[in-house]
């Protein structure tokens, strides 16, 4: 009995000495089995800009490799601050951790102080947020004291009255009137001949020309040929020419920012304005920064263009169709018979 007790006591002492050692050795494996929670860091190159300058807002997310990270499509509720672009997501790996980086470009065209709200980024099951920060937007100061000055001008003589001008220059006025009539008649003749030589596209309304150009772009299949830049040039030309021909906005000769300012007077919703802004700014990145959008983005911008053309289509007056003309002629004949 005493011998059994001694064996049990020896085993107990051995376990007390070995068990702590085993626990210490098992800690690295236990720590390796636990993944590091996602983290978010952010930074800006400045919080003070002048009108039209840009702020670069950088976000960096560190998360496990198997975690799905979703950066938001940043939008502001007011028009005071605008997002003019975002970089591609830069991904790198460090052991079992993935590092995702992205940069947003912000700007404003109105003087004042504006609050950039907190930005939410989803990383796996976690929601990470930045801190809100304030942006100071100032105008470009002009030193009026250094502006050029002009000398004193001579005293102007009294202007002629209409009667005096006519009596003095009546023969010139008659010659100008005759020249104007001749020029108008020549213009009518040239216009009539030019209309006869115009391609079918130019005989259509601005809306029909925009639809014709979209169909022609689809038939050219530029994306299938790898001509992404030519595709976006043709796509933005459709909407720029339509704005010029339908509403007199000089979009073909304007920059994207100038065009976006000019279209604010058109009956566009906030969503439609956002689609036009995304189309023009991303097309600029394709043309000048050699960006290559994905196939879904190409299809989406093609759809955006058609939706914008439809939404900007003016209400048409009722047209005289052949059926309506026949009915009107029939009514006039019945009226003459009754008389």
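In case you wondered, yes, glycine gets a Cβ from its N, Cα and C as well.
Cross-referencing 131-149, 150-168, 169-187 with TrEMBL places the feature transmembrane segment at 169-187. Between the listed ranges 258-298, 299-339, TrEMBL ties the annotation region 'Disordered' to 299-339.
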